[in-house]
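Right, one structure below, let's go through it.
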Amino acid sequence: MCITNAKRSGSTDSIFGPVKNPWSYSKQFREKRKACCPDSNESSDWVITGGSSGGSAASVSAGTCYVALGSDTGGSTRNPACHCGIVGLKPTYGLVSRHGLIPLVNSMDVPGILARCVDDAATVLGVIAGHDPQDATTIQDHILPFTLPDVIDLSKLCVGIPKEYHAPGLSSEILSIWTKAADMMEKAGAKVVEVSMPHTRYSIVCYHVLCTAEVASNMARFDGLEYGHRADIKDSTEAMYSATRRGGFNDVVRGRILSGNFFLLKQNYEKYFLKAQKVRRLIADDFVNAFKSGVDILLTPTTLGDAAPYLDFIQEDNRTRSAQEDVFTQCANMAGVPAITVPAGLSSRGLPLGLQFIGQAFCEQQLLSVAKWFEKQTNFCPLVLHKTHDNGHIDKRQSKSAFSL
C-alpha cells in the first residue's frame, strides 16, 4: 500500500518535484502525440496526474502497487484517479478515521482509496472503515466487509443528473461520455431524471473561504518549536518563527494561510466565514432534497477534461487551476456524502476520462455496486506502457480494450 500526497490540483508543488502521469508514456498517448506533433520532446512533453494525491494515483496506475490511500478534501483522490485511469473513492465523512492523516481542512478531510477496480476499493474500505477511539468524528456502528454482487439489477434505481453540473469549460468529450453513460443506465432499467441543485454555483467560492480559514488554523501549529522543520536562526524567537514558516511552506500554502487569516479577522468573520458556513448548509441541503425526491445516485463528470500537459498547467495561477479542477468534486466534501470516480473512456489524445457517482451518506454498498456495474460495462483497463529502457528492451504493459467514445 502506498500513501503519498502533494498539495494542489496537479501534484506539481511537492518538495520532491512534480508527479508525472504514467499515461504520459502510454502507447495510446505517444502515438497520437507523435501524429500531431512530430517534433515533441518526450522528456518535457508529459501530462499531470491531477491532485493532490497524485503520487498515490500514479503508483496504482503504473502497477507499482495494488491500492493506495490519499487524502480527499475537495476531490484530491477522485481528481488524480480520473486523470490516471483508475478508481478513486471518497467515503462518507466519519466512516473512516482521520487519525494519522495530517489535517488540512478538518471538517472536509476524508482518507480516500485509489485502486485498479471497484472490488479492490470495496475490500480496502471494509478494512479501514469503522469507529476509532482516536477520532471522535467516526461513527460508533460496527462495519461489516463490503461484498459486491456479481449481478447488479438497476431496475429499481433512480439516477439523478444535476443540471447545474453542465459547467463552463466542460469538454465535449466529457459531455459525450456523460450522456452515453446516462443512456446506458436507462437502457439497463434505471430511471434517469434531471435534478436541480441550485446552490452549486456558489460552492467553489464557499469552499475556498472555508478551506483557507481551516488551513490557517491547522498550519498555525508548525511554528518550529514543538515538532517539524525549524530554521537555524537564533537572533530571536520572532525571527525563528518567521524563518521557519517561510522555509517550511511554499507559496501555495502561505497564500492560503494569509487568505484564511484575512477571512477570520474580527471585522471579516461574519462577512466571509460565517456566511460561507450558511451557504455550505444550503449546498448540503441540495443533496438531501435530491435524495428525498427519490433519487438514489447522482451521475456527474469528475473533471472538465483529460489531463493537462505540465507546461500548459503551470502557466495558470494556483487559484485559477483550483477553481477549474475542483468544480465537480468539492460539493461532496462540503455535504459529507460519498463519491467515487470510475474510468469511462479515452479522449482523442489517448488519455483517460472518468465519471463520478455520488451517493447518500453511509450508503457505500449501493454506491460501490452501481460503480461496479458501470465498470463492467465500460470494460476499461487500457494502459499500455511502451517505453524503451537503456538496455534497448521495450516495456509493454498491456490490458483489455477500452470503452470507446
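Yeah, the Cβs are placed from backbone N, Cα and C, and that goes for glycine too.
In TrEMBL, annotation is done automatically, which means it is predicted and not curated.
Per TrEMBL, the feature domain 'Amidase' maps to 48-368.
The active site, charge relay system annotation in TrEMBL covers S52.
As annotated by TrEMBL, active site, acyl-ester intermediate applies to S76.
Ranking the active-site residues S52, S76 by C-beta neighbours within 10 Å puts S76 at the top. Here the CA atom of S76 (active site, acyl-ester intermediate) lies 5 Å from the CA atom of S52 (active site, charge relay system). Taking the domain 'Amidase' (48-368) as a whole, pLDDT averages 91 in the prediction.
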